[in-house]
Amino acid sequence: MHFQWYPGHMSKAKRMMQEDMKLIDVVIELVDARIPLSSKNPDINQMAGSKSRVILLNKSDLADDNQNLKWKEYFEKQGYIAVLVNSKKGDGVRKVNDAVVEACKAKIERDRKKGILNRPLRAMVVGIPNVGKSTFINSISGKAAAKTGNKPGVTKGKQWIKLNKSIELLDTPGILWPKFEDQKVGLHLALIGSIKEEILNSYDLGIALIGFLTKNYKGALEQRYGIIETESVDENLSAIAKKRGCLLKGGELDLERAASFLVDDLRNAKLGKITLQFPAESTADTNIQEEKIDSDVIMNQE
């Protein structure tokens, strides 16, 4: 199963982001806490250069609490200021202001020595499609959000959102990158819904997901669907189809429909708190080893 999705508007958006980098002090990057590395656009590192960086592990309420902490530590070791966030409920969002100031400490001190005081920090908010950027911005800005309008050196029509006297945000379109070097990245993105639905194969996604769950979250399928889990991914999917009443004409099991139910349940956290990707520093007993599940469907850790 091969995944790739990079429509033309994303290429244009990337060029605009590159131009806007010279206007900002810090990059706030949202990733999905269920697949932190697979949802982290590698092009951002190149574009951001030496800019200060804050990374938000968004949708952390949908992810495994234990893995959330490991991922936070992982990114902090990479030099990021990392914050666990649930933008929908606002959990962790208020910590972002402090994170931005912390990330820009050196710049604030340089400005102070030059006699530049109280200049607002400008932050660019970036992330892939469906990572929750808009929800985050609405959550952190609230009803008091004000558009600061055009500014010197800012492209006409570009709008900044003023959070407070200290921080202004620039939103950007959600973009992917032209080529996934590792196809498990595409698989992860497809499972959480960041790739256009029309290019997906629900059956392959379901098979890959079952293989992962029975190995790493044993009992999740039993608890959700009331089936008896086996070592066979096909048997488990068939059992889900029977329990869900997914039947074609003639009584044949509709495995494609059952797989769609399964993937939807993952996205809506009805399978429990699931993290699909573990950090490289995870202990050996929680690492996802590379495993061929069906044809070219592979799900494993980075």
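Cβ coordinates are placed from backbone N, Cα and C, and glycine is handled just like the others.
Any TrEMBL annotation is an automated prediction that lacks curation.
Per TrEMBL, the features are as follows:
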BINDING   Asn58, Lys59, Ser60, Asp61, Asn86, Ser87, Asn130, Val131, Gly132, Lys133, Ser134, Thr135, Gly174  GTP binding site
DOMAIN    10-178  domain 'CP-type G'
What three-state class does DSSP give Asn86 (GTP binding site)? strand
When the binding-site residues Asn58, Ser60, Asn86, Asn130, Ser134 are compared by other Cβ atoms within 10 Å, fewest goes to Ser134
Taking only the residues the record lists as binding GTP, namely Asn58, Lys59, Ser60, Asp61, Asn86, Ser87, Asn130, Val131, Gly132, Lys133, Ser134, Thr135, Gly174, what is the largest Cα to Cα distance between any two of them, in Å to the nearest whole number? 21
Looking only at DSSP and grouping its letters into three states, which state does Asn58 (GTP binding site) belong to? strand
Roughly where does the domain 'CP-type G' (10-178) sit in mean pLDDT, to the nearest integer? 86
Any same-chain residues 6+ apart from Gly132 (GTP binding site) with CB under 8 Å of its CB? Would you list them in sequence order, or say none? Leu30, Asp32, Asn58, Lys59, Ser87, Lys88
Local backbone state of Ser134 (GTP binding site), from DSSP in three classes: helix
CB contacts for Gly174 (GTP binding site) [other CB atoms within 10 A, all chains]: 19
